[in-house]
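Copied from Swiss-Prot, the annotated features are:
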{"type": "BINDING", "residues": "Ser11, Phe12, His19, Gly90, Leu91, Arg92, Glu100, Phe125, Gly126, Tyr127, Leu128, Ser129, Ser130, Ser131", "note": "ATP binding site"}
{"type": "BINDING", "residues": "Ser11, Lys43, Leu75, Arg89", "note": "substrate binding site"}
{"type": "SITE", "residues": "His19", "note": "site 'Transition state stabilizer'"}
Amino acid sequence: MPRKVAVYPGSFDPITYGHLDIIDRGLRIFDEIIVAVARNSAKNSLFSIDERVDMIQRVLADNVRARVDTFDGLLVDYVLSQNATVIIRGLRAISDFEYEFQIAQMNRSISQDVETLFMMTSVPFGYLSSSIVKEVSSLNGPIDGLVPPLVREALKDKFSKPR
């Protein structure tokens, strides 16, 4: 029986417990999840691509069924190059759905072989985003329940340096 592989794309700047929840729940459905960090030069990221990959690899170190990679270009092309057939997207609210629906439709128009699976975030993470985490952290607010400890420390380091 062929392995069921899904790609979970994003900027993960930084990875949060909301992202990790989607990965954990996705692994109930798929044999492997590729956490695909987008090389998006249009986004102004706090962490470099290498820093983000390193953090995610360290957070997922004990999970042999999740691996981290980077991609640029069309997501559909990347998914097919990895012998995957599904893109996982987490949805927090209705406002996420409209944008994600349009992207899923575009991806489907490019390749009929790639499906998009929308997963609703678990209730405790319904409001959580990397942007909120960065904003709270930049103001020295508590982010303990939002990100893993190593991410919290990386954020603390970033915001303690003059910018």
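Quick reminder: no glycine exception, Cβ is built from N, Cα and C everywhere.
Known features from Swiss-Prot, placed on the structure.
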residue : record                 : Cβ contacts under 8 Å, 6 or more apart
Ser11   : ATP binding site       : Val37, Ala38, Asn40, Lys43, Ser45, Arg52, Ser130
His19   : ATP binding site       : Tyr8, Gly10, Phe12, Gly90
Leu75   : substrate binding site : Val7, Pro9, Ala36, Ile87, Asn107
Arg89   : substrate binding site : Tyr8, Glu100, Ile103, Ala104, Thr116, Leu117, Phe118, Met119
Leu91   : ATP binding site       : Phe97, Glu100, Phe118, Met119, Met120, Thr121
Gly126  : ATP binding site       : Arg92, Ala93
Leu128  : ATP binding site       : Thr16, Tyr17, Gly18, Arg92, Thr121, Leu146
Site extent for ATP (largest Cα pair distance over Ser11, Phe12, His19, Gly90, Leu91, Arg92, Glu100, Phe125, Gly126, Tyr127, Leu128, Ser129, Ser130, Ser131, Å): 18
Per DSSP, three-state class assigned to Ser11 (ATP binding site): coil
